[in-house]
Amino acid sequence: MADYLVIVESPAKAKTIEKYLGKKYKVKASMGHLRDLPKSQMGVDTENNFEPRYITIRGKGPILKELKQAAKKAKKVYLAADPDREGEAIAWHLATSLGLDQTDDLRVVFNEITKDAVKESFKHPRKIDMDLVDAQQARRILDRLVGYNISPILWKKVKKGLSAGRVQSVALKLVIDRENEIKAFVPEEYWTIDGNFKKGKKEFQANFYGINGKKKKLSTVDDVKEVMSTIKGKQFEVIDVVKKERLRNPAAPFTTSSLQQEAARKLNFRTRKTMMLAQQLYEGIALGRQGTVGLITYMRTDSTRISDTAIQEASTFITETYGKEFGRIQKRNDKKAKASQDAHEAIRPTSAMRSPQDVKEYLSRDQLRLYRLIWERFIASQMAPAVLDTMRVDLDNNSVMFRANGSKIKFAGFMKVYVESNDDNKEEKENILPDLKKGDKVESQSLEQRQHFTQPPPRFTEARLVKTLEEVGIGRPSTYSPTLDTIQRRNYVSLDNKRFVPTELGEIVHELIRDYFPEILDVQFTANMEAELDEVEHGAIQWVKVIDQFYQGFEKNVERADKEMEKIEIKDEPAGIDCDLCGAPMVFKMGKYGKFLACSRFPDCRNTKPIVKEIGVTCPKCNEGQVIERKSKKKRIFYGCDRYPACDYVSWDKPIARPCPKCNEKALVEKKLKKGVQIQCTNCDYKEQPQQ
């Protein structure tokens, strides 16, 4: 029989750890939190220092009973929940529920689930850190006060099922503010002149820069005509050449936020999927004879710190694999994010020596793709900077100046392994210019005049919204993904081409919160509160004080909203079609998951239909129905015939009405590629140039 009981959150983590600890240890899972505030009531005594009333979560009784029995039989109980606020709170709730002596060294923490790390952590158990517990408890109580006070008002004044929260309300505000910016945006015309030049047999490109050495903006076609009329002939003179050597440093290892952003850009993963896969890699993967091993460090962190041991191992791997010159000469001097949680590390592989190729056969396709991203980013972060030779060339013709910029990789450095992407999906590429010197003559092959219009700011992708929340100091690593899930689940936003668009319901809720609870939407106020809650974690401020300061003003706003907020009726809108069951007019209704079509005689007639979007294309298969836009169970858009099931035409790519110019069949579709949208024929090999 085991002498020691170890409690962790999940069965996967329990299975991995038990193999490392041996027969004297029994590892059991609590399946997350066992206690929480009750769902049916506030559960916070606002008259008694915000004392929380915790209850055993419904369905967790049998687990608690089993853990109590196991704890009685054990010589000692260790609590090995995750190394953050949430994990500390789980440990405290377990200790309280099991009646353990909290002055004892019960708590065991490790940043990675490997044999060495786990065994070492059991040599240094500690007491439960009540500052960490209070930090989690303060957030939980604060969110409960906001949600359980505002939500009932929204139910009463708008519709049932609505909710409001500190972080989700700010996230919604950011989406709506961006939408308002887009609506208010007035495009401005501008022009460019792109030149194709030749020196000997080598061609290169240069763009119009200005007149007499001064930069000039081309706002109208008349500006372009003026420039073109000034140019005399095709010969240009090189008037300046500037050559420089530029260092490009690697990106820091991943934090939770940067991992979610990069996984979205490079792998097209949603934040929830990224965190689910990261959790699997952290908790342990069976690697054949090696047994079950945690492949990455803890995935909820805002630190870019790396342990000395990991740095040394990476250095050895880089030197042996790529050569000494690719190793980083100096140690990185990464600053932790302002809100960095204690001594956490960045997200990295638990062993630099365990390459993606080494574990490929044991991972699913998506697990491997995420592991490769984490491994490559970490290895690159410990490599030498890339060295680029840059060259700027200025060309002149009758005082009209064109400029060419070129670059050439002199030494790849970290770029041999990994290059960080950006929101525009534009990676730095070489643009090699001819060897030009001042006084050289070059000839223009063509000068192409192009009209452009300024573009509004883009809508938020999940990755960009996470980045913005982090930049303004809202939310923490554990809250980014759940926040985005909540505003979508509540139908406050929808995704259009993977970008957030506020719904009518979202805008209504936002306006009400803005008018009656302005402090909730005040980004700086919320960021300051997040910072104060971090101070609780460090023992610098009492959690009750933080909540009390907030609640004094908030309580008054709740009373005012309850009295003054007018009831908003979301009226049905005529749909312009008749019910195919009873002939009465159909209307658009607002439901839990958005708008839908319903008979106006409801409840006498219960005919309902989803809203379908026609794209103006006749079905290419039956030539009778219309192609409509549909959504799969996973919310992915596809296209099908509205005569389904009589016609089973379906396509993931959007069909186009015009026939193929090569085979004359109605088989053209829009194919979304990384470099833009390309029109292709599904019947022959016809393709058009991709358009951004």
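Here the Cβ of each residue, glycine as well, is placed from N, Cα and C on the backbone.
Curation does not apply to TrEMBL; its annotations are automatic.
Quantities reported herein were computed from a predicted structural model and do not represent experimental measurements.
According to TrEMBL:
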DOMAIN    3-113  domain 'Toprim'
SITE      H33  site 'Interaction with DNA'
DOMAIN    129-558  domain 'Topo IA-type catalytic'
SITE      R139  site 'Interaction with DNA'
SITE      R140  site 'Interaction with DNA'
SITE      D143  site 'Interaction with DNA'
SITE      Y148  site 'Interaction with DNA'
SITE      W155  site 'Interaction with DNA'
REGION    163-168  region 'Interaction with DNA'
ACT_SITE  Y298  active site, O-(5'-phospho-DNA)-tyrosine intermediate
SITE      R300  site 'Interaction with DNA'
REGION    331-353  region 'Disordered'
COMPBIAS  331-347  compositional bias 'Basic and acidic residues'
SITE      R490  site 'Interaction with DNA'
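Everything TrEMBL records as a feature, shown here on the structure.
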| residue | record | contacts (Cβ under 8 Å, 6+ apart) |
| --- | --- | --- |
| H33 | site 'Interaction with DNA' | I57, A89, I90, H93 |
| R139 | site 'Interaction with DNA' | R85, L533 |
| R140 | site 'Interaction with DNA' | D36, L37, P52, A89 |
| D143 | site 'Interaction with DNA' | G165, R166 |
| Y148 | site 'Interaction with DNA' | Q41, M42 |
| W155 | site 'Interaction with DNA' | G161, L162 |
| Y298 | active site, O-(5'-phospho-DNA)-tyrosine intermediate | D82, P83, D84, N111, E112, Y282, H344, E345, I347 |
| R300 | site 'Interaction with DNA' | D82, D84, T256, P477, S478 |
| R490 | site 'Interaction with DNA' | G161, L162, S163, Q168, L505, G506 |
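Per DSSP, the secondary structure of the domain 'Toprim' (3-113) breaks down as 38 helix, 24 strand, 49 coil.
Counting residues 6+ beyond its ends, the region 'Interaction with DNA' (163-168) has Cβ neighbours under 8 Å at 142-143, 146-147, 150-151, 154, 469, 474-475, 479, 483, 486-487, 490, 492, 509, 513, 517, 520, 526, 529 in the same chain. Helix, strand and coil content of the region 'Interaction with DNA' (163-168), in residues and according to DSSP, is 3 helix, 0 strand, 3 coil.
A mean pLDDT of 92 is what the model gives for the domain 'Topo IA-type catalytic' (129-558). Annotation note: R490 (site 'Interaction with DNA') sits in a coil segment as assigned by DSSP. For the recorded site, R140 (site 'Interaction with DNA'), the DSSP three-state label reads helix.
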